[in-house]
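The next block holds one structure in the form of structure tokens; read it before the comments.
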Ligand SMILES: Nc1ncnc2c1ncn2[C@@H]1O[C@H](COP(=O)(O)OS(=O)(=O)O)[C@@H](OP(=O)(O)O)[C@H]1O
Ligand SMILES: Nc1ncnc2c1ncn2[C@@H]1O[C@H](COP(=O)(O)OP(=O)(O)O)[C@@H](O)[C@H]1O
């Protein structure tokens, strides 16, 4: 594939700041990361509902859904996961520019890939939320039966089994879903957004 050359950035007449004036909130990216079954999808769904009910504009990007469309040409090798996260980072940046609070729910197992997204976004617009849950509990939950398939060798390169997960070193938030209910987890995140004047 040859990269495009001779392309020039074209400014809009309306900026992100203009769009944010129509909102009563900022437009950060809430980047959820954690093992499969840790609760990323469950919590982002509940959080998005809570935000919507407060009149806040949101959009949720979820690994399972995005891999059906935009990223349907990617698998689970380290290179493909990197490209998956790079594209989601770019999409999140557009959403932030559009004035939405984005909730992303991807395993995003590599620190470097998550840090690249942090660098891509304006300061304060990347909120890393580590959904912490032991492999043991995730495997006991096994909501999609994938751990069982990974253990039997039917699925290869499964995160936590035969592919790595690198825990965040300095996440803005850690939510432990072995200790907190779904409602408590949502409240922790809402409190963070309020305290830091995002909403
Ligand atoms: N090999 C392997 N490893 C991990 N996960 C797998 C795999 N194969 C399929 N699945 C399903 O795909 C979902 C993870 O996709 P992501 O885009 O979030 O993964 S990644 O961020 O690129 O690592 C993940 O969804 P969640 O369970 O919601 O995390 C799984 O349902
Ligand atoms: N405290 C909790 N927070 C989030 N999910 C929980 C919790 N306790 C049990 N669960 C269950 O764990 C599973 C998490 O699955 P899911 O949200 O799909 O995780 P992920 O998106 O990280 O793969 C769901 O079946 C959910 O009902």
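Every residue, even glycine, has its Cβ placed from backbone N, Cα and C.
No curator has checked TrEMBL annotations; they are predicted automatically.
Keep in mind the model is a prediction, meaning the values are calculated, not measured.
Look at residue 108 (active site, phosphoserine intermediate): DSSP puts it in coil. For residue 108 (active site, phosphoserine intermediate), the count of additional Cβ atoms within 10 Å of its Cβ stands at 27 [all protein chains shown]. Per TrEMBL, active site, phosphoserine intermediate is recorded for 108.
The ATP binding site annotation in TrEMBL covers 34, 35, 36, 37, 38, 39, 40, 41. Counted within 10 Å of its Cβ, the other Cβ atoms near residue 39 (ATP binding site) come to 26, all protein chains included.
Mapped onto DSSP classes, the domain 'APS kinase' (27-176) shows 63 helix, 28 strand, 59 coil. Per TrEMBL, domain 'APS kinase' is recorded for 27-176.
Taking Cβ-Cβ distances under 8 Å and a sequence gap of 6 or more within the same chain, the neighbours of residue 40 (ATP binding site) are 32, 33, 34, 62, 63, 105, 106, 107, 131.
The record gives 34, 35, 36, 37, 38, 39, 40, 41 for ATP. Within 8 Å of the mean position of their Cβ atoms, the other Cβ atoms in that chain belong to 105, 107, 131, 133, 138, 177. In the predicted model, residues of the domain 'APS kinase' (27-176) average a pLDDT of 97.
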